[in-house]
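According to TrEMBL, the features are:
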- 123: active site, proton acceptor (ACT_SITE)
- 326: active site, nucleophile (ACT_SITE)
- 123, 124, 125, 126, 127, 202, 252, 279: substrate binding site (BINDING)
- 364, 366, 369, 395: Zn(2+) binding site (BINDING)
- 46-428: domain 'tRNA-guanine(15) transglycosylase-like' (DOMAIN)
- 331-335: region 'RNA binding' (REGION)
Ligand SMILES: [Zn+2]
């Protein structure tokens, strides 16, 4: 089944449809005051750039909103475009189970299927196979607390995924049917889904796993990456005529510097178009771990951080050299009534907004804030109307897009650290 990268067929010239160019480097453009520079050992890998795909370009750094099931929940694609989203990320695991990758292939790929003409990403399915499958629900326990265990299953959950050296057998969270993902199957599924950017199939570990398990897992992920590259090359040749799909390798290694750096060097030696930084990341180590990775990874390839959410984490990632990241929070918290503002997050459900006829925040240029009041949103939530999720999601997605647009502009004009401190200082002052 496995073939070495030496024997993999060369990718056709269609590959030139994907590319990445670095623009401004944070180190070159920002006047870094001593205190802030010291905080990071004086090294900042942040940069602006442009990712080119067959479905358009992405100005980086960029936030990639999540449309798990080929839809950003409750939001029309036209609204996503209007609020400034440059690309969308869908989940291979969900689309494989329902409606099936062959349906998207027949529709002309993910973008055509969901009426989104911009760039698209799919993850490999690894995260969902192992996180949903192992019963951790949607969020891997990243607390790092408690006893280390290599057979962790969230309390009260049946283990639904089994990892072996060849792949993962798991039960569908929809109906319990048994399925199997291998690196080859993940590549076949993602080629049929047709996104512009795909991710290699990797094993996700948690901070509860022992050091020994992390080492064994990382080696498994390395061998799976080689198999993904080979299968990707085969499929790219077989499906000539389809738009080129870029493949990103995924860096694991948990909280261990030597493992993270080794993983980056291993993946850098393979034929990837870009890289994903994955795995359990503790908030306090996020910047350090991202920096280990960006120091090792090739400068001329884009780096995507898989799944972060809080504004401070976003800035930490960007200044340490992350070009794109995905984040499900704006819609997830929006559906519960939580809205972001420059002064922090608040919940529009609460009684004090019943007769508040101001927008979510004055000065927001989103569709929701330019047309509706807090009182109206409050009413929609109380009445359990579906428009509530649509309007809060539009506002929240716009908030993150605008924040990252601001970071990109500030990196380009040399004011990044002032911008960051102003945004985060205000957001966490908690006046909302
Ligand atoms: Zn707004």
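Here the Cβ of each residue, glycine as well, is placed from N, Cα and C on the backbone.
Unlike curated records, TrEMBL annotations are generated automatically.
Feature annotations (TrEMBL) mapped to structure.
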| residue | record | Cβ contacts under 8 Å, 6 or more apart |
| --- | --- | --- |
| 123 | active site, proton acceptor | 89, 91, 92, 93, 199, 306 |
| 124 | substrate binding site | 92, 186, 190, 198, 199, 200, 201, 202, 250 |
| 126 | substrate binding site | 168, 181, 186, 199, 201, 202, 203, 204, 250 |
| 252 | substrate binding site | 202, 203, 204, 205, 217, 218, 221, 259, 263, 278, 279 |
| 326 | active site, nucleophile | 63, 64, 65, 66, 89, 121, 304, 306, 307 |
| 366 | Zn(2+) binding site | 83, 394, 395, 398, 399 |
Residues of the region 'RNA binding' (331-335) by DSSP state, where helix covers H, G and I: 4 helix, 0 strand, 1 coil
Other same-chain residues whose Cβ falls within 8 Å of the Cβ centroid of 123, 124, 125, 126, 127, 202, 252, 279, the recorded substrate site, in sequence order: 130, 199, 200, 201, 203, 204, 250, 276, 278, 306
Listed recorded positions adjacent to ligand 1, that is, members of 279, 326, 366, 395 whose C-beta is under 6 A away: 366, 395
Cα separation, residue 369 (Zn(2+) binding site) to residue 127 (substrate binding site) (Å, whole number): 35
Chain-internal residues, separated by at least six, CB under 8 A from residue 364 (Zn(2+) binding site): 341, 370, 395, 398, 399
Binding-site residues: 125, 279 - member with fewest neighbouring CB atoms within 10 Å: 125
Inter-residue C-alpha distance, residue 125 (substrate binding site) and residue 369 (Zn(2+) binding site) (nearest angstrom): 36
